[in-house]
Amino acid sequence: GEDGYIADGDNCTYICTFNNYCHALCTDKKGDSGACDWWVPYGVVCWCEDLPTPVPIRGSGKCR
């Protein structure tokens with residue numbers, strides 16, 4: 001799997017308000033774990049560890 005900032009179908013990150021929200025989001029997508037992380041310029045967003053390949057991770061390009 002891959003570590004990274006989990007993204008929705010529009011290449012946008014998920015805003016993180018609580019670590020348990022991100023952890024649940026990541027494990028629901030079959031990742032190992034998740035937590036809040038500060039990422040300039042996006043702010044506090046969800047970081048996931050060991051996501052399976054088909055789950056989108058924030059890539060280069062704009063959030064649509």
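The chain as shown is numbered from 1 upward.
Backbone N, Cα and C define each Cβ position, glycine as well.
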Partner cysteine of Cys22 (disulphide bond, per Swiss-Prot) from Cys46, Cys48: Cys46
Cysteine of Cys48, Cys63 paired with Cys26 via disulfide, per Swiss-Prot: Cys48
Disulfide-bonded cysteine for Cys16 as listed in Swiss-Prot, from Cys12, Cys36: Cys36
Chain-internal residues near Cys26 (disulfide bond), provided their CB is under 8 angstroms and they sit 6+ positions away: Ile6, Asp32, Ser33, Gly34, Cys46, Cys48, Glu49, Leu51
Cβ atoms near Cys63 (disulfide bond) (within 10 Å, other residues, all chains): 11
Position of peak Cβ density within 10 Å, selected from the disulfide-bonded residues Cys12, Cys16, Cys22, Cys36: Cys22
Where Cys48 (disulfide bond) falls in three-state DSSP terms: strand
